[in-house]
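Here is the structure we will look at.
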Amino acid sequence: MRVRKIPLPLPNTGLMHRKRNTYYIRVIIGVALIVFVLMQLHVFNYTDSREMSMIGEPTNDSIDAMLSMVPSVLHKFLTPKSRNQTAAAHMQHNSTSGGRYNGSYTDYYHPPNISEIKQQIAKYNELQIVLNEDTYGPLQNDSVIIVVQVHTRITYLRHLIVSLAQAKDISKTLLIFSHDYYDDDINDLVQTIDFCKVIQIFYPYSIQTHPDEFPGVDPNDCPRDMKKDQAIIRKCNNALYPDLYGHYREAKFTQTKHHWWWKANRVFDQLDVTRYHTGLVLFLEEDHYVAEDFLYLLE
């Protein structure tokens, strides 16, 4: 006897419908994540470009905004004026006034070479000239000394100087600028300070004056991440002495530390103006900013 099979309909559980909905939801979430990531990358790139433009070459709008926030007497500290720009202006004036000039900007401004920089550094460190001492008198034993470590970030330095200029009783202090890079534009800026006594000192063992030898970058220096065994085989400098983390010396970072200790010894033991000083000494860096009452709080 043959049994006849009767097909029975399966219950509609909605499984296929749920799978289809889940697939669509995943696609939507994936697209949303991609759009979000792309938007974040765009924002980061836009922000970075704005920050770089503000740090590097300020625009006219940013300069106007900065100038509007400080007294007009301090605008000179925030207005960029490079010797190269001055030379270019002279050249343009000559060309537009009908005169013929076949030279270059170096005929107006000659950037110093390493030998000249070393001579200037030695001269500054030997003479120890205190600017504005005739206006504000000699340093008192209990006066505050402010020591600023300076590299190359002149834009930050401008704002630090403006903040110092607005501090109460700043005229009683001595500002010591300690440089590890000789730059005429930075020197011009520092030497325009007229609100207190100022002296410049120059770290004589910088990368700028020793570009191809210690304490600069020696050609035989061990690469930072080289393994000790490889360094010994290569016989590079200090192969036996990596740091605690297995890294070798990087001149640009060690210079900051060496400069700091040289600066401290110079201020406490070697400068004539600080020989009998018994007051406070405050160490700052070029990218710092002070409040108007910082001297009051410090004392």
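Just so it is clear, glycine is given a Cβ too, placed from its N, Cα and C backbone atoms.
Unlike curated entries, TrEMBL annotations are predicted automatically.
Among the candidates CYS196, CYS236, the disulfide partner that TrEMBL records for CYS222 is CYS236. Take the substrate site that TrEMBL assigns to GLN149, VAL150, HIS151, THR152, ARG153, GLN255, THR256, LYS257, HIS258, HIS259: the candidate from ASP180, ASP225, ASP229 listed for it is ASP180.
The 10 Å shell around the Cβ of HIS259 (substrate binding site) contains 22 further Cβ atoms across the protein chains shown. The Cβ of LYS257 (substrate binding site) lies under 8 Å from the Cβ of no residue that is in the same chain and 6 or more residues away along the sequence. Most other Cβ atoms within 10 A: among the disulfide-bonded residues CYS222, CYS236, that distinction falls to CYS222.
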